[in-house]
Amino acid sequence: MTTFCRVLLIFGIYVAVSCAQSVEDDVFHFTNPSQGNAVWILDESSLPWTGGYQFLRSISGMPTTLLSIVDSSTGVTLGQCVAPQDATGNFSKRWEKFSWELTASGLDCQFEQGAATRVEFDRSQNPRTFSIRIQSITGPACLRDVVVQTEQATGCPPHLSRNSFTANALNCSCPYLDAANEDGETENEDVDMLANSPQFPLFKVVDPSVLGSANPPTLPPSPCANHECHNNGTCLVSQEGAAMCLCRNGFTGDRCELDVCSAVPCQNGGVCRSNNGIAYCECPPAFSGLLCESAHTDESAAPICNPECSNGQCVLKDGQPQCECRQGFTGANCNVLDVCLGDAACSMFGPSAKCVLDDNMDKMSSASLINGTYDCLCPHPIHGQFVDCMQLHAPSATSVQPSEPAVVINNVTPSFPVLEISQVPTGAPKTFTATSTTSVATQPAVPVVQTLPTTQQVPSEPFVGFTVTREPLRPFEATTTTTLPPPFQQHIITAGEQPTWSSQQPQQPSEVPVPAQTMTTFIFPQTPETTTFPPTTGATVHKFVSPNMPDENEEEEEDETTDETEETFPTPSTMQVATDSSIRSEFFTSTFPTTTDMEETDEEEDMTEEVTDSSTQPSTTVFIQPSSTTFTTEAPTTTMEEEETTEQEEIESEEAISTTTQTSLPFWMTTIAIKMPDIVASPTPMIIMPHPQPEEKMETSTEGIESEEERTTESNEEIIPKNMEPTTPSDITHHHTSSGKQSSAVASWIIATIALIVLGSLLLATSLFVLRYIRQSRKLHGKYNPAREEHNLSAAYAMPMSHIAKEERLI
């Protein structure tokens, strides 16, 4: 029995809690009186829109606004449902029913006891979007049984899935629920029940006459009692207990005394409206404008623009039809795209750059949409005025004009080696201008300009024309070997401290001690040249023959006699400078024409690659020679004798190369420590060579230098002066003989044959292994059983019993 009572008690508590919870979940109130609301958004396609709920009137005693309809496009309130005033002065604390129906023409509001109101809407030519709101500031104190379009609000906070429902500060429960009379009974009925109930003496302990008359409690006066709101404004009590006015659209101020439309004189029957405190004129259909001052004409009298406006509308300006373009378009017919919109077209010049359309863009007419032309303007860093960004950002390097033979670039001499290159236009004649200046304190600098105009243009060269500025050339003393790898068939231009020169007037030699410096080698791809001196009457004939440029007859003889592949490098790729402090250099300037031949022979025929260039160039070259090594040739020599001597020296050098292993550093790892010896002025032009040669001839042989380089590599203690020409290097010739080609082909065939034999042997061994494996597996798995084979053989030759007579079978 006790257990049964406990179960009943628990069940009763559960039912009571469930009922209370269901009541709480179905009742809602706004926790924020100033910002709480419930909003639906719908268009005319959702009409008619119906709903309803039960409510408790506002605790402020003011009229309770149950529903507000606002035009979403303009913000104008179209209509409201306000609860009618009851006998208690809007202080009734009981649940009342309310329902509504929204249509395109108006709002119908239904209240209990048959009360109803209707609000008509103004007609609109455009489709409307409605915003339906329940505001906490003027709305009901509590709500329950909310049903919209047959959908009931569920959850806490409430949730409705249709018409974009949103709610702010709307929560479950109601703090005023105890004061509401859910059964609809009034206080008078409660008094009557107490009056009819039996009187017990137990409760009459004190005589009523002794108590006297007690004054009923009175509420303090509302702050809005003395706060008047003009122009139908509504007085509200804030959370701080102060009175404030809620003004209608078109009015503002503390008491709604200011009319925002008072200063807007709408014309031609226009009505002033207000949206968020901003006044505007709502014009009749026949008028338009800010104050409805413009009257519409008939369509037949509408302005016609020729050509037709593509991205705008045709309007009358000063009595003339003109195109009024939309944003982003310009031109006479609005068919020119404004590419300067947003200054994105000039963003590559920085944030301060601005884009400006050309002046004629607003008058340009086009049949199709085109991009407008524009200019990018940037502020000048000095005076701040806007100039063309292209001119402001143009490179400041000095370029050589086609008509100028030479340009002096630099007047300021830095304390470190400088190499500046400026590109010359491709179509201009190629002009190589090298300007050198000196910074020696004891002797004024005399710039020497070397100009090599070329009549033949080679488009394959990467540097069609360039200007090189470098520091003065000075004599140096160092010993190093630089070997250029075969792929780099290039010229070498040395920037840094090099031998310097003096003017043509004789000067006294002066010794200037200069600390050791570092010479940097710059490589520019260019065509090799063969430099020759033209024979002059009564003078010595000198010819500088490139060691790797033999004639066609000599090439054929070398192909027949040579059986090995040789690779010969030009003279400037291998440089050795003797370190002798006693050597005194003399300098001069001489001008002579330079002849360059350019040929290409087929590799497949004689495996010879030769690159030469055919042009005649006047040039100015500076030669250097120690004072102790000066050679002069009295008798002129012929070119054939010199070439034969060169060929013999090449053969001797090849034998030395085959027996000695040459080790050299790559060109990118080569630096030459140089020193500055005495400077000697030489007034008389003469050719000076640092390498001693026989007196009968003056030659430059690459093979001799290479053999000396090998001896220098083997023994670093022995220092031998080497030939160093400041002129451009000769070409590089690769000789590949036919015997080497045949030997490499035979070796390739032998290797291929051996590979095929090995592959065939592997395939044969694999096949034998597979066959052996199959045979062994058949024996192991019973497929090859000798007993079974014997039984099958005997059964095949045995006579069946059907062919034997019955008597024989019985026997």
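Placement of Cβ uses the backbone N, Cα and C atoms for every residue, glycine included.
Annotated in Swiss-Prot:
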- 570-579: compositional bias 'Polar residues' (COMPBIAS)
- C224-C235: disulfide bond (DISULFID)
- C229-C245: disulfide bond (DISULFID)
- C247-C256: disulfide bond (DISULFID)
- C261-C272: disulfide bond (DISULFID)
- C266-C281: disulfide bond (DISULFID)
- C283-C292: disulfide bond (DISULFID)
- C305-C314: disulfide bond (DISULFID)
- C309-C323: disulfide bond (DISULFID)
- C325-C334: disulfide bond (DISULFID)
- 220-257: domain 'EGF-like 1' (DOMAIN)
- 258-293: domain 'EGF-like 2' (DOMAIN)
- 301-335: domain 'EGF-like 3' (DOMAIN)
- 544-579: region 'Disordered' (REGION)
- 592-659: region 'Disordered' (REGION)
- 690-739: region 'Disordered' (REGION)
- 750-770: transmembrane segment (TRANSMEM)
Quiz item: Which one of the disulfide-bonded residues (C235, C261, C309) has its C-beta surrounded by the most other C-beta atoms within 10 angstroms?
Solution: C309
Self-check item: From C229, C245, C272, C292, C334, the disulfide-bonded residues whose CA lies within 10 Å of that of C266 (disulfide bond)
Solution: C272, C292
Quiz prompt | C281, C283, C334 screened against C272 (disulfide bond), Cα within 10 Å - retained disulfide-bonded residues | solution = C281, C283
Quiz item: What disulfide-bonded residues in the list C229, C245, C247, C305, C334 lie within 10 angstroms of C235 (disulfide bond), counting C-alpha atoms?
Solution: C229, C245, C247
Quiz item: Helix, strand or coil: which one is C247 (disulfide bond) in, per DSSP?
Solution: coil
Quiz item: Do any of C247, C256, C283, C305, C309, C334 (disulfide-bonded residues) have a CA within 10 A of C229 (disulfide bond), and if so which?
Solution: C247, C256
Quiz item: How do the residues of the domain 'EGF-like 2' (258-293) split into helix, strand and coil according to DSSP?
Solution: 4 helix, 14 strand, 18 coil
Quiz prompt | Helix-strand-coil residue split for the domain 'EGF-like 3' (301-335), DSSP-based | solution = 1 helix, 14 strand, 20 coil
Exercise. Using DSSP with the three-state reduction, classify C235 (disulfide bond) as helix, strand or coil.
Key: strand
Quiz item: C224 (disulfide bond) has how many other Cβ neighbours within 10 Å of its own Cβ?
Solution: 19
Quiz prompt | Cβ neighbour count within 10 Å of C256 (disulfide bond) | solution = 21
Exercise. Mind giving me a neighbour count for C272 (disulfide bond)? Other Cβ atoms within 10 Å of its Cβ, every protein chain shown.
Key: 19
Quiz item: Considering only the disulfide-bonded residues C247, C261, C292, which residue has the minimal Cα-Cα separation from C305 (disulfide bond)?
Solution: C292
Quiz item: In terms of Cα spacing, which of the disulfide-bonded residues C224, C256, C261, C292, C323 are within 10 angstroms of C245 (disulfide bond)?
Solution: C224, C256
Practice problem: Could you tally the C-beta atoms, other than its own, that fall within 10 angstroms of the C-beta of C305 (disulfide bond)? | Solution: 19
